[in-house]
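Here is the structure we will look at, set down as structure tokens.
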Amino acid sequence: MDSCHKIDYGLYALEILAQYHNVSVNPEEIKHRFDTDGTGLGLTSWLLAAKSLELKVKQVKKTIDRLNFISLPALVWREDGRHFILTKVSKEANRYLIFDLEQRNPRVLEQSEFEALYQGHIILIASRSSVTGKLAKFDFTWFIPAIIKYRKIFIETLVVSVFLQLFALITPLFFQVVMDKVLVHRGFSTLNVITVALSVVVVFEIILSGLRTYIFAHSTSRIDVELGAKLFRHLLALPISYFESRRVGDTVARVRELDQIRNFLTGQALTSVLDLLFSFIFFAVMWYYSPKLTLVILFSLPCYAAWSVFISPILRRRLDDKFSRNADNQSFLVESVTAINTIKAMAVSPQMTNIWDKQLAGYVAAGFKVTVLATIGQQGIQLIQKTVMIINLWLGAHLVISGDLSIGQLIAFNMLAGQIVAPVIRLAQIWQDFQQVGISVTRLGDVLNSPTESYHGKLALPEINGNITFRNIRFRYKPDSPVILDNINLSIKQGEVIGIVGRSGSGKSTLTKLIQRFYIPENGQVLIDGHDLALADPNWLRRQVGVVLQDNVLLNRSIIDNISLANPGMSVEKVIYAAKLAGAHDFISELREGYNTIVGEQGAGLSGGQRQRIAIARALVNNPKILIFDEATSALDYESEHIIMRNMHKICKGRTVIIIAHRLSTVKNADRIIVMEKGKIVEQGKHKELLSEPESLYSYLYQLQSD
């Protein structure tokens, strides 16, 4: 067997490409399932293996001159097994950036070098989620399926709009008859008939107009509800990394952009578009009256469009600046209210007020620029309208004087022209709203187009046992950030109580975040009961893992609602039992409303120790198989901590427990203590075993606390 088969480059390529598409892969499992003869993955088996990972793959033949049109990275397949990954094509420089699987390094190839290696076979790769994401991208096209869904209602709206346009056509004709026939021939009987008919038309026009507005508002309200529900569901399904990389105020500002879309959908903009679409009916009648006057109206329409096109880019930039400043204000406001205790304690209100005044002044200035530009745009529209009116008046009067047009026809023509120009002017005047909605859709798209935690096709076993394995874990929060965990190998048996200690920033809490599948490691696997968490349903996992943090958040509900948050229908007895284990029952019983006491926003009505004990009860109430205490007792007074530690045997019974603590006395009775330093496990053992090594880090930390 030659060297190219000693190392399976196909398997290595699959591992790299899967990682690129945020798909976890177990090389040993792939090898076991698809490399049955041990000679490496062939083309067919490689494609099957990729599809088993939910990757969308397609093998194609491409000439070199067509490679700059394909989606990269892609796998270049070679018959001798020495495949490589094509990552970038520069046709101008005739260079190719590849990842050499044999050298395990990127390389830049000249045209001649690439031609020598390329055999014409290439495999295109995309993740299913990315394909779905592209299809479901949120922009203006998102509303098309919604319109199709409610097509019956929109068809009714269109029918009503047609009748409204016909009624609008009848009214000018009546005025023409009155001016040219009734007044000239003094036909009172004809006048009475026309008046009655016009009254009937006006009544029907009002009824149909109100009906159209009602139908349209009803359907757009449904779309609004769907969009709002989709937005909130999507927001809660986003990974925790999304929120950690963005300011709270910025996310809130983006969500509030839904109001702009709502106002646009329920406003007059869309009905104006419908009115404009049926304007061809009026053009036909107007042309019959006077081609010259009609041409004046026709030539004015591009002027409206050109003026709007000229204003739009500037207006959009200023609206974008206004939004950014508003988002900054939202973030600063949320931050200030959240940190109000710190602000008051440090007496920094004047400094915070000064910052707010500057930011508010910037926002107001940006808003003023938008208003000024919008006013200029509207006045430009008015100028075009008045100019057209003057030209039509002058030309129409000439036509009447020359006998080519009657006075009644001129009046009717101007009324018909108004039916065309009015929606155009309305659309031009609400162009600012449309620009705002365009920005709102883009901003909202930042939320809705962000990939959620994947649930489809994930493992969802009924119950876990609690065996945890970290295998060759390497992790960093961002590609350009320092390594947080490096080569972590750790096995935790079912029912074991593990203490994790170390200096701040050593990676202790990150380890537990991987157990909760908040993140997927850059390299290696986290296994629970032998199942890779990268392939697990996050909700299934988190329902069976109880977590108590150093700073827990309670919702503005009753105590019983907070404890039974994950299962609101559970019995009161279970809630009370969990509260007793957490040492919370006694103080809850002393409250006037007991378990029905409203805790306030983020638990503001309770002390820090009380909030912590309720959080512990909340973690215990579902009887999780894995329980994580991340500095959970650091905020407790000694009496409360004593109650927790006294009940620790009951708390730990039948479950795997991980305790992260700076206070080493908290973990001295653990089955095993893991000592971490700079993202690595440097020591592990029982309390006495670690203390027996005087030069150990654990001994050093213990000595510091003893002193």
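Please read every residue number as a count from 1 along the shown chain.
Cβ atoms here come from the backbone N, Cα and C positions, even for glycine.
As annotated by Swiss-Prot, domain 'Peptidase C39' applies to 3-125, with the evidence given as sequence analysis.
Look at His83 (active site): DSSP puts it in coil. The active site annotation in Swiss-Prot covers His83, and the record cites sequence analysis as its basis.
Annotation source Swiss-Prot lists domain 'ABC transmembrane type-1' at 154-436.
For 158-178 (among others), the entry in Swiss-Prot reads transmembrane segment. Residues 190-191, 194, 197-198, 201-202, 204-205, 208-209, 211-212, 215, 271, 274-275, 278, 281-282, 285, 406, 408-409, 411-413, 415-416, 419 of the same chain sit 6 or more residues outside the transmembrane segment (158-178) yet have a Cβ under 8 Å from a Cβ within it.
Listed as Cβ neighbours of the transmembrane segment (191-211) (distance under 8 Å, sequence separation of 6 or more from its ends, same chain) are residues 160, 163-164, 167-168, 170-171, 174, 177-178, 182. What Swiss-Prot lists as transmembrane segment is 191-211 (among others), and the listing cites sequence analysis.
For 269-289 (among others), the entry in Swiss-Prot reads transmembrane segment.
The transmembrane segment annotation in Swiss-Prot covers 295-315 (among others), and the record cites sequence analysis as its basis.
Within the chain carrying the transmembrane segment (388-408), a Cβ under 8 angstroms from the stretch's Cβ atoms is held by residues 175-181, 289-290, 292-293, 296-297, 300, 414, 417, 421, all 6 or more beyond its ends. Swiss-Prot lists 388-408 (among others) with the feature transmembrane segment, giving sequence analysis as the kind of evidence.
Among the features that Swiss-Prot reports, domain 'ABC transporter' is placed at 468-703, with the record citing sequence analysis.
Taken from Swiss-Prot, the feature ATP binding site applies to Gly502, Arg503, Ser504, Gly505, Ser506, Gly507, Lys508, Ser509, supported by sequence analysis. According to DSSP, Arg503 (ATP binding site) is assigned to coil rather than to any helix or strand.
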Cβ density check for Gly507 (ATP binding site), other Cβ within 10 Å (all protein chains) comes to 23
Per-state residue totals over the domain 'Peptidase C39' (3-125) - DSSP helix, strand, coil:
47 helix, 35 strand, 41 coil
What other residues of the same chain, not counting Gly502, Arg503, Ser504, Gly505, Ser506, Gly507, Lys508, Ser509, have a CB atom within 8 A of the CB centroid of the ATP site?
Met676
Contact set of the transmembrane segment (295-315) with the rest of its chain, CB cutoff 8 A exclusive, min separation 6+ beyond the ends, reads 283, 286, 370, 373-374, 376-377, 380-381, 384-385, 387-388, 391-392, 395, 417, 420-421, 424-425, 428, 431-432, 435
Cα of Ser504 (ATP binding site) to Cα of His83 (active site): how many Å, rounded?
44
Position of peak Cβ density within 10 Å, selected from the binding-site residues Ser504, Ser506, Ser509:
Ser506
Do any residues at least six apart in sequence from Lys508 (ATP binding site), in the same chain, have a Cβ closer than 8 Å to its Cβ, and if so which, in order?
Ile500, Val501, Gly502, Asp630, Ile660, Met676
